[in-house]
Amino acid sequence: MGKRFGILTSGGDCPGLNAVIRGAVLKGETVYGHTFVGFRDGWRGLVYGDVMELDRSTVRGLSNQGGTILGTSRFGPYTEPDGGPENIKNVLADLDLAGVIAIGGDGTATAANRLFNDGINIVGVPKTIDNDIDATDYTFGFNTAVEIATEAIDRLRTTGNSHRRCMVLEVMGRHAGWIALHSGIAGGAHAILIPEQPESLNQICAWVTSVKNRGRAPMVVVAEGFTLPDMKEAHAVKGLDGFNRPRLGGIGEVLAPLIEDRTGIETRATVLGHIQRGGVPSAWDRVLATRMGMAVADLVADSAWGHLVALHGTEIARITFDEALGKLKQVPQDQYQEARVIFG
Ligand SMILES: Nc1ncnc2c1ncn2[C@@H]1O[C@H](COP(=O)(O)OP(=O)(O)O)[C@@H](O)[C@H]1O
Ligand SMILES: O=P(O)(O)OC[C@H]1O[C@](O)(COP(=O)(O)O)[C@@H](O)[C@@H]1O
Ligand SMILES: [Mg+2]
(Lines of atoms letter the chains of each structure in order from A; the text may use other names.)
(Lines give C-alpha, C1' and ligand atoms only; values in the text may rest on other atoms or scores of the structure.)
(Ligands and ions follow the chains in the order given, each with its own letter.)
Protein backbone atom coordinates (compact mmCIF):
# COMPACT_ATOMS: atom_id res chain seq x y z
CA MET A 1 0.00 0.00 0.00
CA GLY A 2 1.22 3.54 -0.80
CA LYS A 3 2.41 5.83 1.93
CA ARG A 4 0.19 8.28 3.74
CA PHE A 5 0.91 11.99 4.30
CA GLY A 6 -0.68 14.92 6.12
CA ILE A 7 -1.30 18.42 4.73
CA LEU A 8 -1.80 21.63 6.72
CA THR A 9 -2.38 25.30 5.94
CA SER A 10 -0.97 27.84 8.41
CA GLY A 11 -0.92 31.65 8.82
CA GLY A 12 -3.17 34.13 7.03
CA ASP A 13 -5.25 32.55 4.27
CA CYS A 14 -5.09 33.54 0.62
CA PRO A 15 -6.88 32.47 -2.56
CA GLY A 16 -5.27 29.35 -4.01
CA LEU A 17 -4.68 27.31 -0.83
CA ASN A 18 -7.41 24.88 -1.85
CA ALA A 19 -5.96 24.53 -5.34
CA VAL A 20 -2.61 23.55 -3.79
CA ILE A 21 -4.35 20.90 -1.67
CA ARG A 22 -6.18 19.58 -4.73
CA GLY A 23 -3.02 19.50 -6.87
CA ALA A 24 -1.07 17.61 -4.20
CA VAL A 25 -3.79 15.05 -3.54
CA LEU A 26 -4.59 14.40 -7.20
CA LYS A 27 -0.97 13.95 -8.27
CA GLY A 28 -0.03 12.06 -5.10
CA GLU A 29 -2.91 9.62 -5.55
CA THR A 30 -2.77 9.27 -9.32
CA VAL A 31 0.96 9.09 -9.92
CA TYR A 32 2.38 7.74 -6.68
CA GLY A 33 -0.51 5.82 -5.08
CA HIS A 34 -0.21 7.94 -1.93
CA THR A 35 -3.08 8.77 0.41
CA PHE A 36 -3.60 11.98 2.38
CA VAL A 37 -5.21 13.49 5.42
CA GLY A 38 -5.63 17.17 6.22
CA PHE A 39 -4.74 18.62 9.62
CA ARG A 40 -7.41 21.01 10.81
CA ASP A 41 -6.48 24.64 11.65
CA GLY A 42 -2.77 24.62 10.85
CA TRP A 43 -0.21 23.34 13.34
CA ARG A 44 -2.96 22.86 15.92
CA GLY A 45 -4.32 19.90 13.94
CA LEU A 46 -0.86 18.34 13.79
CA VAL A 47 -0.17 18.81 17.49
CA TYR A 48 -3.56 17.37 18.51
CA GLY A 49 -3.93 14.81 15.72
CA ASP A 50 -7.11 16.48 14.48
CA VAL A 51 -7.44 15.28 10.88
CA MET A 52 -9.88 14.86 8.02
CA GLU A 53 -9.58 12.41 5.13
CA LEU A 54 -8.44 14.01 1.87
CA ASP A 55 -9.07 12.00 -1.27
CA ARG A 56 -10.10 12.53 -4.85
CA SER A 57 -13.72 13.17 -3.95
CA THR A 58 -12.90 15.57 -1.08
CA VAL A 59 -10.85 17.80 -3.39
CA ARG A 60 -13.34 17.74 -6.27
CA GLY A 61 -14.00 21.24 -7.66
CA LEU A 62 -11.71 22.87 -5.12
CA SER A 63 -9.46 24.94 -7.37
CA ASN A 64 -11.92 27.82 -7.67
CA GLN A 65 -12.71 28.01 -3.96
CA GLY A 66 -11.13 30.72 -1.82
CA GLY A 67 -9.88 30.15 1.72
CA THR A 68 -8.83 26.70 2.89
CA ILE A 69 -11.07 23.72 3.55
CA LEU A 70 -8.62 22.68 6.28
CA GLY A 71 -8.92 25.92 8.26
CA THR A 72 -5.86 27.86 9.36
CA SER A 73 -4.44 29.46 12.49
CA ARG A 74 -1.36 31.14 13.89
CA PHE A 75 -0.91 28.41 16.50
CA GLY A 76 2.79 27.39 16.77
CA PRO A 77 3.93 23.73 16.64
CA TYR A 78 6.18 24.22 19.66
CA THR A 79 3.37 25.65 21.80
CA GLU A 80 3.51 24.03 25.25
CA PRO A 81 2.36 21.83 26.85
CA ASP A 82 1.37 19.62 23.89
CA GLY A 83 3.62 20.85 21.06
CA GLY A 84 7.18 19.92 20.18
CA PRO A 85 8.83 17.25 18.03
CA GLU A 86 8.48 14.25 20.33
CA ASN A 87 4.75 14.71 20.64
CA ILE A 88 4.41 15.36 16.91
CA LYS A 89 6.39 12.20 16.09
CA ASN A 90 3.94 10.23 18.24
CA VAL A 91 0.95 11.82 16.49
CA LEU A 92 2.41 10.96 13.07
CA ALA A 93 3.14 7.38 14.13
CA ASP A 94 -0.37 6.93 15.59
CA LEU A 95 -1.91 8.17 12.34
CA ASP A 96 0.51 6.13 10.22
CA LEU A 97 1.75 9.26 8.45
CA ALA A 98 5.14 9.25 6.70
CA GLY A 99 5.48 13.02 6.43
CA VAL A 100 3.89 16.47 6.46
CA ILE A 101 3.22 19.10 3.78
CA ALA A 102 3.07 22.57 5.37
CA ILE A 103 1.54 25.33 3.24
CA GLY A 104 2.29 28.69 4.84
CA GLY A 105 4.31 31.86 5.05
CA ASP A 106 7.80 32.65 6.29
CA GLY A 107 6.78 31.89 9.88
CA THR A 108 5.39 28.50 8.87
CA ALA A 109 8.59 27.72 6.96
CA THR A 110 10.67 28.75 10.00
CA ALA A 111 8.67 26.41 12.21
CA ALA A 112 8.82 23.65 9.57
CA ASN A 113 12.60 23.98 9.32
CA ARG A 114 12.91 23.68 13.08
CA LEU A 115 10.77 20.53 13.03
CA PHE A 116 12.85 19.18 10.12
CA ASN A 117 16.03 19.73 12.14
CA ASP A 118 14.30 17.94 15.02
CA GLY A 119 13.76 14.88 12.83
CA ILE A 120 10.29 15.37 11.34
CA ASN A 121 9.74 14.54 7.64
CA ILE A 122 8.36 17.80 6.35
CA VAL A 123 8.20 19.83 3.11
CA GLY A 124 6.63 23.19 2.33
CA VAL A 125 4.72 25.38 -0.10
CA PRO A 126 5.25 29.16 0.22
CA LYS A 127 2.19 31.34 0.82
CA THR A 128 1.89 35.10 1.16
CA ILE A 129 -0.69 37.51 -0.19
CA ASP A 130 1.95 40.26 0.04
CA ASN A 131 4.24 38.37 -2.39
CA ASP A 132 7.24 39.18 -0.20
CA ILE A 133 9.05 35.82 0.00
CA ASP A 134 12.29 36.28 -1.92
CA ALA A 135 12.75 32.59 -2.72
CA THR A 136 9.86 32.49 -5.19
CA ASP A 137 9.15 34.88 -8.04
CA TYR A 138 5.43 34.91 -7.22
CA THR A 139 3.13 33.39 -4.63
CA PHE A 140 -0.45 32.34 -5.39
CA GLY A 141 -3.10 34.75 -4.10
CA PHE A 142 -1.12 37.86 -4.95
CA ASN A 143 -2.48 38.10 -8.49
CA THR A 144 -6.05 37.78 -7.17
CA ALA A 145 -5.42 40.53 -4.60
CA VAL A 146 -4.06 42.81 -7.32
CA GLU A 147 -7.14 42.17 -9.48
CA ILE A 148 -9.45 43.01 -6.57
CA ALA A 149 -7.51 46.15 -5.63
CA THR A 150 -7.45 47.27 -9.28
CA GLU A 151 -11.21 46.86 -9.53
CA ALA A 152 -11.56 48.90 -6.33
CA ILE A 153 -9.46 51.71 -7.88
CA ASP A 154 -11.62 51.65 -11.02
CA ARG A 155 -14.76 51.91 -8.88
CA LEU A 156 -13.39 54.62 -6.59
CA ARG A 157 -12.44 56.67 -9.62
CA THR A 158 -16.01 57.10 -10.89
CA THR A 159 -17.34 58.24 -7.53
CA GLY A 160 -14.22 60.39 -6.99
CA ASN A 161 -14.65 62.01 -10.39
CA SER A 162 -18.34 62.68 -9.78
CA HIS A 163 -17.64 64.59 -6.55
CA ARG A 164 -14.24 65.96 -7.60
CA ARG A 165 -12.78 64.36 -4.48
CA CYS A 166 -9.41 62.89 -3.66
CA MET A 167 -9.83 59.15 -3.05
CA VAL A 168 -7.40 57.19 -0.88
CA LEU A 169 -7.39 53.40 -1.13
CA GLU A 170 -5.55 51.37 1.51
CA VAL A 171 -4.41 47.88 0.51
CA MET A 172 -2.46 45.11 2.26
CA GLY A 173 1.32 45.11 2.42
CA ARG A 174 3.02 44.81 5.78
CA HIS A 175 6.69 45.01 4.77
CA ALA A 176 6.35 45.12 0.99
CA GLY A 177 4.21 47.29 -1.29
CA TRP A 178 3.73 44.89 -4.19
CA ILE A 179 -0.08 44.92 -4.09
CA ALA A 180 -0.10 48.74 -3.95
CA LEU A 181 2.49 49.06 -6.72
CA HIS A 182 0.85 46.63 -9.14
CA SER A 183 -2.76 47.71 -8.55
CA GLY A 184 -1.71 51.37 -8.50
CA ILE A 185 0.01 51.07 -11.87
CA ALA A 186 -2.88 49.03 -13.32
CA GLY A 187 -5.47 51.52 -12.05
CA GLY A 188 -3.47 54.62 -13.01
CA ALA A 189 -3.14 55.94 -9.44
CA HIS A 190 -1.66 59.43 -9.06
CA ALA A 191 0.41 58.41 -6.03
CA ILE A 192 1.45 55.00 -4.72
CA LEU A 193 2.73 54.86 -1.15
CA ILE A 194 4.59 51.76 0.03
CA PRO A 195 6.46 50.62 3.19
CA GLU A 196 9.82 50.64 1.39
CA GLN A 197 9.66 54.34 0.51
CA PRO A 198 8.73 57.14 2.92
CA GLU A 199 7.14 60.11 1.16
CA SER A 200 6.51 63.44 2.88
CA LEU A 201 3.04 64.88 3.31
CA ASN A 202 4.25 67.88 1.29
CA GLN A 203 5.14 65.63 -1.63
CA ILE A 204 1.86 63.69 -1.45
CA CYS A 205 -0.12 66.94 -1.34
CA ALA A 206 1.89 68.34 -4.26
CA TRP A 207 0.88 65.33 -6.36
CA VAL A 208 -2.76 65.60 -5.25
CA THR A 209 -2.90 69.34 -5.96
CA SER A 210 -1.37 69.02 -9.41
CA VAL A 211 -3.97 66.39 -10.33
CA LYS A 212 -6.79 68.58 -9.03
CA ASN A 213 -5.40 71.62 -10.87
CA ARG A 214 -5.81 69.90 -14.21
CA GLY A 215 -9.39 69.02 -13.41
CA ARG A 216 -8.99 65.40 -12.35
CA ALA A 217 -9.96 63.61 -9.13
CA PRO A 218 -6.74 62.46 -7.37
CA MET A 219 -6.37 58.75 -6.64
CA VAL A 220 -3.89 57.69 -3.95
CA VAL A 221 -3.07 54.03 -3.20
CA VAL A 222 -1.37 53.33 0.12
CA ALA A 223 -0.07 50.05 1.54
CA GLU A 224 -0.91 49.46 5.19
CA GLY A 225 2.78 49.38 6.14
CA PHE A 226 3.53 52.86 4.67
CA THR A 227 5.01 55.41 7.08
CA LEU A 228 5.29 59.18 6.82
CA PRO A 229 8.83 60.40 7.59
CA ASP A 230 7.90 61.41 11.16
CA MET A 231 6.34 57.99 12.01
CA LYS A 232 8.61 55.58 13.91
CA GLU A 233 6.63 52.52 12.80
CA ALA A 234 3.62 51.50 10.73
CA HIS A 235 0.21 52.67 11.92
CA ALA A 236 -1.19 49.97 14.24
CA VAL A 237 -4.08 50.62 16.61
CA LYS A 238 -5.84 47.24 16.52
CA GLY A 239 -3.83 45.25 19.04
CA LEU A 240 -1.87 42.09 18.23
CA ASP A 241 -2.50 39.08 16.00
CA GLY A 242 -2.33 35.41 17.06
CA PHE A 243 1.46 35.51 16.79
CA ASN A 244 1.74 38.77 18.79
CA ARG A 245 2.52 40.96 15.80
CA PRO A 246 0.85 44.40 15.71
CA ARG A 247 -2.21 44.32 13.48
CA LEU A 248 -1.73 47.02 10.86
CA GLY A 249 -4.38 49.04 9.07
CA GLY A 250 -5.82 52.53 9.13
CA ILE A 251 -3.02 54.59 7.56
CA GLY A 252 -5.46 55.56 4.76
CA GLU A 253 -7.77 57.11 7.32
CA VAL A 254 -4.84 58.93 8.89
CA LEU A 255 -3.75 60.33 5.54
CA ALA A 256 -7.17 61.43 4.22
CA PRO A 257 -7.81 64.27 6.74
CA LEU A 258 -4.16 65.37 6.53
CA ILE A 259 -4.48 65.66 2.74
CA GLU A 260 -7.83 67.44 3.05
CA ASP A 261 -6.51 69.94 5.62
CA ARG A 262 -3.35 70.67 3.69
CA THR A 263 -4.86 70.92 0.17
CA GLY A 264 -8.44 71.99 0.83
CA ILE A 265 -9.57 69.10 -1.43
CA GLU A 266 -12.35 66.97 0.00
CA THR A 267 -10.85 63.51 0.60
CA ARG A 268 -12.27 60.07 1.37
CA ALA A 269 -10.48 56.93 2.49
CA THR A 270 -11.42 53.29 1.80
CA VAL A 271 -9.73 50.36 3.54
CA LEU A 272 -10.00 47.30 1.30
CA GLY A 273 -8.98 44.87 4.05
CA HIS A 274 -9.78 41.18 3.87
CA ILE A 275 -11.83 41.53 0.67
CA GLN A 276 -8.38 41.25 -0.96
CA ARG A 277 -7.89 37.81 0.51
CA GLY A 278 -11.35 36.37 0.13
CA GLY A 279 -13.25 34.64 -2.65
CA VAL A 280 -12.44 33.05 -5.96
CA PRO A 281 -8.75 32.89 -7.02
CA SER A 282 -7.83 34.26 -10.44
CA ALA A 283 -7.09 31.75 -13.20
CA TRP A 284 -3.39 32.67 -12.95
CA ASP A 285 -3.34 31.91 -9.21
CA ARG A 286 -5.20 28.63 -9.77
CA VAL A 287 -2.55 27.55 -12.25
CA LEU A 288 0.36 28.50 -9.97
CA ALA A 289 -1.25 26.93 -6.91
CA THR A 290 -2.12 23.71 -8.76
CA ARG A 291 1.43 23.44 -10.14
CA MET A 292 2.89 24.01 -6.68
CA GLY A 293 0.58 21.40 -5.21
CA MET A 294 1.60 18.85 -7.83
CA ALA A 295 5.28 19.71 -7.34
CA VAL A 296 5.06 19.21 -3.58
CA ALA A 297 3.58 15.75 -4.24
CA ASP A 298 6.83 15.07 -6.14
CA LEU A 299 8.85 16.29 -3.14
CA VAL A 300 7.22 13.83 -0.76
CA ALA A 301 7.53 11.02 -3.32
CA ASP A 302 11.28 11.76 -3.47
CA SER A 303 11.51 12.06 0.34
CA ALA A 304 13.05 15.50 -0.27
CA TRP A 305 12.40 16.53 3.32
CA GLY A 306 13.47 20.04 4.33
CA HIS A 307 12.60 21.50 0.91
CA LEU A 308 9.90 23.74 -0.41
CA VAL A 309 8.66 24.46 -3.91
CA ALA A 310 9.15 27.85 -5.58
CA LEU A 311 8.44 29.56 -8.90
CA HIS A 312 11.67 30.48 -10.71
CA GLY A 313 10.80 32.10 -14.02
CA THR A 314 8.28 29.73 -15.51
CA GLU A 315 9.61 26.60 -13.78
CA ILE A 316 8.68 25.13 -10.41
CA ALA A 317 11.96 24.66 -8.51
CA ARG A 318 12.77 23.01 -5.19
CA ILE A 319 14.90 24.79 -2.60
CA THR A 320 15.86 24.08 1.00
CA PHE A 321 14.13 25.81 3.89
CA ASP A 322 17.52 27.29 4.82
CA GLU A 323 17.87 28.88 1.37
CA ALA A 324 14.40 30.36 1.59
CA LEU A 325 14.20 31.65 5.12
CA GLY A 326 14.51 35.20 6.34
CA LYS A 327 14.81 36.80 2.92
CA LEU A 328 12.16 39.38 2.35
CA LYS A 329 11.37 40.47 -1.21
CA GLN A 330 10.68 44.18 -1.11
CA VAL A 331 10.00 46.56 -3.99
CA PRO A 332 13.42 47.66 -5.30
CA GLN A 333 14.10 51.40 -5.56
CA ASP A 334 14.38 51.32 -9.35
CA GLN A 335 10.95 49.68 -9.74
CA TYR A 336 9.37 52.25 -7.44
CA GLN A 337 11.13 55.14 -9.22
CA GLU A 338 9.95 53.76 -12.57
CA ALA A 339 6.34 54.25 -11.42
CA ARG A 340 7.00 57.44 -9.41
CA VAL A 341 8.09 59.57 -12.37
CA ILE A 342 4.50 59.78 -13.58
CA PHE A 343 2.84 60.41 -10.18
CA GLY A 344 0.80 63.58 -9.85
N1 LIG B 1 10.17 31.82 14.35
C2 LIG B 1 9.16 30.96 14.45
N3 LIG B 1 9.31 29.77 15.08
C4 LIG B 1 8.29 28.91 15.17
N5 LIG B 1 7.06 29.14 14.67
C6 LIG B 1 6.86 30.30 14.03
C7 LIG B 1 7.89 31.26 13.87
N8 LIG B 1 7.40 32.31 13.19
C9 LIG B 1 6.12 32.01 12.93
N10 LIG B 1 5.79 30.79 13.40
C11 LIG B 1 4.48 30.12 13.31
O12 LIG B 1 3.96 30.15 11.99
C13 LIG B 1 2.66 30.80 12.01
C14 LIG B 1 2.25 31.34 10.69
O15 LIG B 1 3.08 32.37 10.21
P16 LIG B 1 3.21 32.64 8.64
O17 LIG B 1 3.30 31.34 7.96
O18 LIG B 1 4.34 33.59 8.44
O19 LIG B 1 1.87 33.29 8.21
P20 LIG B 1 1.36 34.79 8.43
O21 LIG B 1 2.51 35.70 8.07
O22 LIG B 1 0.22 34.92 7.51
O23 LIG B 1 0.99 34.86 9.87
C24 LIG B 1 2.87 31.78 13.12
O25 LIG B 1 1.73 32.34 13.58
C26 LIG B 1 3.54 30.91 14.16
O27 LIG B 1 2.66 30.04 14.81
O1 LIG C 1 -5.92 39.98 9.53
P2 LIG C 1 -4.81 39.00 9.61
O3 LIG C 1 -5.20 37.60 9.34
O4 LIG C 1 -4.05 39.18 10.88
O5 LIG C 1 -3.78 39.32 8.43
C6 LIG C 1 -3.43 40.61 8.05
C7 LIG C 1 -2.03 40.66 7.63
O8 LIG C 1 -1.66 39.61 6.80
C9 LIG C 1 -1.01 40.11 5.66
O10 LIG C 1 -1.92 40.02 4.61
C11 LIG C 1 0.27 39.36 5.34
O12 LIG C 1 -0.04 38.03 5.14
P13 LIG C 1 0.89 37.06 4.37
O14 LIG C 1 1.66 36.30 5.40
O15 LIG C 1 -0.06 36.22 3.57
O16 LIG C 1 1.80 37.88 3.51
C17 LIG C 1 -0.68 41.54 5.89
O18 LIG C 1 -0.67 42.32 4.72
C19 LIG C 1 -1.73 41.91 6.89
O20 LIG C 1 -1.20 42.80 7.83
MG1 LIG D 1 4.31 35.72 7.51
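Counting begins at 1 with the first residue displayed.
Glycine is no exception: its Cβ is also placed from the backbone N, Cα and C atoms.
Feature annotations, reproduced from TrEMBL:
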DOMAIN    4-299  domain 'Phosphofructokinase'
BINDING   Gly12, Arg74, Phe75, Gly105, Asp106, Gly107, Thr108  ATP binding site
BINDING   Asp106  Mg(2+) binding site
SITE      Gly107  site 'Important for substrate specificity'
BINDING   Thr128, Ile129, Asp130, Arg165, Met172, Gly173, Arg174, Glu224, Arg268, His274, Ile275, Gln276, Arg277  substrate binding site
ACT_SITE  Asp130  active site, proton acceptor
Filter the binding-site residues Arg74, Gly105, Asp106, Gly107, Asp130 down to those with CB closer than 6 A to an atom of ligand 3; keep them in sequence order.
Gly105, Asp106, Gly107
Averaging the per-residue pLDDT over the domain 'Phosphofructokinase' (4-299), what integer do you get?
97
For the binding-site residues Gly105, Asp106, Met172, Arg174, which residues place their CB under 6 A from an atom of ligand 2?
Gly105, Met172, Arg174
Gly12, Gly105, Thr108, Arg277: which of these binding-site residues put a Cβ within less than 6 Å of any ligand 1 atom?
Gly12, Gly105, Thr108
By Cα-Cα distance, the member of binding-site residues Arg174, Arg268, Arg277 nearest Gly107 (ATP binding site):
Arg174
By CA distance, which of the binding-site residues (Thr128, Asp130, Met172, Arg174, Arg277) lies nearest to Gly105 (ATP binding site)?
Thr128
Taking the Cβ of Phe75 (ATP binding site) as the centre, how many other Cβ atoms fall within a 10 Å radius?
18
Closest of Gly12, Arg74, Thr108 to Asp130 (substrate binding site), Cα positions, binding-site residues only:
Gly12
Between all pairs in Gly12, Arg74, Phe75, Gly105, Asp106, Gly107, Thr108 (listed as ATP binders), what's the biggest Cα distance, rounded to the nearest Å?
14
By Cα-Cα distance, the member of binding-site residues Gly12, Arg74, Phe75, Asp106, Thr108 nearest Ile275 (substrate binding site):
Gly12
Determine, to the nearest whole angstrom, how far the Cα atom of Arg268 (substrate binding site) is from the Cα atom of Asp106 (ATP binding site).
34
Can you tell which of Gly105, Gly107 has the least company, meaning the fewest other C-beta atoms within 10 angstroms of its C-beta, among these binding-site residues?
Gly107
Cα-to-Cα gap, Arg277 (substrate binding site) vs Asp106 (ATP binding site), nearest whole Å:
17
Which state, by DSSP, holds Arg268 (substrate binding site): helix, strand or coil?
strand
Using only C-alpha positions, which one of Thr128, Met172, Arg174 is spatially nearest Gly12 (ATP binding site)? These are the binding-site residues in the record.
Thr128
